[in-house]
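For Gly3, Asp5, Ser7, Glu19, the entry in TrEMBL reads Ca(2+) 1 binding site. Look at TrEMBL and you will find Pro97 tagged as substrate binding site. The feature heme b binding site is assigned by TrEMBL to His127. The Ca(2+) 2 binding site annotation in TrEMBL covers Thr128, Asp180, Thr183, Asp188. Residues or ranges marked as disulfide bond in TrEMBL: Cys55-Cys257, Cys134-Cys167. The annotation domain 'Plant heme peroxidase family profile' is assigned in TrEMBL to 1-261.
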Amino acid sequence: MKGCDASVIISSNATNKAEKDHADNLSLAGDGFDTVIKAKAAVDAVPSCRNKVSCADVLAMATRDVISLAGGPSYAVELGRLDGLVSTAASVGGKLPQPNFNVNQLTSLFASNGLSQTDMIALSAAHTLGFSHCTRFANRIYDFGGRSGAVDPSLNRTYVTQLQAMCPRNVDADVAINMDPVTPRTFDNQYFRNLQLGMGLFTSDQVLHDDARSRPTVDNWAGNSGVFNSAFVAAITRLGRVGAKTSRSQGNIRRDCSTFN
C-alpha cells in the first residue's frame with residue numbers, strides 16, 4: 001500500500017502480517033503471485049541480468065501480459081521501479097475501494113492518488129476478469145438494507161437468482177465466483193454492458209451506471225471497445241506511477257519477491 005513497489009507479494013511471517021493477508025486482498029490469486037516470483041527467478045538465472053530487474057517491474061509487466069493474453073490491449077510498461085521495504089496488513093485499511101462505495105467515495109479515493117474520475121471508471125473495468133468471494137456482495141442479495149428477504153433493487157432480478165444459486169445463505173467463506181458473468185476470461189468492454197443491464201457485482205460497480213455523472217462514460221465505452229481500451233491504457237499507466245520507488249533510500253531489488261533482502 002506504499003505504491004507500485006511489489007509490497008503485495010511479500011509473505012507474512014511470525015513477526016509480521018503482510019499486506020497480501022489483509023481481508024481486502026484475499027481474493028488476489030495466489031498463482032498470480034507464484035508466476036511473478038518464478039518470472040523474477042528466471043530473469044535472475046541469467047548471470048548478466050541478475051539483480052537488475054525489480055519484482056515491482058516484473059509485476060507491472062505480468063499485469064500487462066495477462067490483460068493482453070486475455071484479449072485486451074497491449075501497451076508499453078514504464079520501468080525502473082524499485083521494490084518497497086515495508087509490507088503490513090495494517091497499512092491497507094482505507095487505501096482500497098470498498099464494494100459498497102458510491103461514486104463520490106470512489107472519485108475521492110482515486111483522486112488521492114492523482115487519478116481522475118475517468119481513470120477510476122476505466123480501472124474499475126478490471127473487474128471484467130477475476131473472481132470475488134460471496135461475502136463481498138452477500139448484503140446485496142440477502143436482507144438488503146436490513147429488510148428480511150429484500151435484495152438490492154439496482155440488481156437485475158435474473159442475475160440475483162443466479163448469484164443466490166452460486167452463493168446460498170451461510171455459504172463457505174472461501175467460495176468465490178466470476179466477477180463478469182458473461183465473458184469472465186476475456187478482457188473486454190462487457191463489464192460496461194453488464195452495468196447497463198443491472199449486472200454489476202458490487203455496489204461500487206453498479207453505481208457507475210446508476211449515477212448520472214459517470215453513466216455517459218459507461219454508455220460510451222459499452223459501445224466502443226477501442227475508446228475504452230485507449231482510456232484503460234492511459235489509466236493503468238498513470239496507476240503504475242503511484243508511489244513508485246526510484247531512490248535506493250526508498251527501495252531495492254529483491255532477490256526473492258516474497259521476502260525482503
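Including glycine, each Cβ sits where the backbone N, Cα and C put it.
Since the structure is predicted, the reported quantities are computational estimates derived from the model, not experimental observations.
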Using Cβ atoms only, which residues of the same chain lie under 8 Å from Cys257 (disulfide bond) while being at least 6 residues apart in sequence?
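Set apart from Cys257 (disulfide bond) by at least 6 residues yet with Cβ under 8 Å, we have Ala6, Ile9, Phe33, Val36, Ile37, Lys40, Cys55, Val58, Leu59, Asp83.
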Provide, as an integer number of angstrom, the distance between the C-alpha atoms of the residue listed as 'substrate binding site' and Cys167 (disulfide bond).
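Computed Cα spacing between the residue listed as 'substrate binding site' and Cys167 (disulfide bond) is 22 Å.
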Residues other than Thr128, Asp180, Thr183, Asp188 within 8 Å, Cβ to Cβ centroid, of the Ca(2+) 2 site?
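For the Ca(2+) 2 site the neighbour list reads Leu129, Val182, Pro184, Arg185, Thr186, Phe187, Asn189, Gln190, Tyr191, Asn194.
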Just how many other Cβ atoms lie inside 10 Å of the Cβ on the residue listed as 'substrate binding site'?
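There are 16 such Cβ atoms around the residue listed as 'substrate binding site'.
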Which residue, out of the binding-site residues Asp5, Glu19, Asp180, Asp188, shows the minimum number of other Cβ atoms inside 10 Å of its Cβ in this structure?
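Minimum Cβ neighbour count within 10 Å, taken over the binding-site residues Asp5, Glu19, Asp180, Asp188, occurs at Asp188.
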Which residue among the recorded positions Cys55, Cys134, Thr183 has the fewest other Cβ atoms within 10 Å of its Cβ, if you could check?
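Looking at the recorded positions Cys55, Cys134, Thr183, the Cβ with the fewest others within 10 Å is that of Thr183.
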In whole Å, how far is Ser7 (Ca(2+) 1 binding site) from Asp180 (Ca(2+) 2 binding site) when you measure between their Cα atoms?
27
Could you measure between Thr128 (Ca(2+) 2 binding site) and Cys134 (disulfide bond) for me? Cα positions, answer in whole angstrom.
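Rounded to the nearest whole number, the Cα-Cα distance is 17 Å.
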Express the distance between the Cα positions of Ser7 (Ca(2+) 1 binding site) and Asp188 (Ca(2+) 2 binding site) as a whole number of Å.
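Between the Cα atoms of Ser7 (Ca(2+) 1 binding site) and Asp188 (Ca(2+) 2 binding site), the distance comes to 28 Å.
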Restricting the comparison to the recorded positions Glu19, His127, Cys134, Cys167, which residue's C-alpha is spatially nearest the C-alpha of Thr183 (Ca(2+) 2 binding site)?
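Closest recorded candidate to Thr183 (Ca(2+) 2 binding site) by Cα: His127.
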Using a Cβ cut-off under 8 Å and a sequence separation of 6 or more, which residues in the same chain sit near the residue listed as 'heme b binding site'?
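Result: Met179, Asp180, Tyr191, Leu201, Phe202, Asp205.
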Count the other Cβ atoms sitting within 10 Å of the Cβ of Cys167 (disulfide bond), across every protein chain shown.
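Excluding its own Cβ, Cys167 (disulfide bond) sees 22 Cβ atoms within 10 Å.
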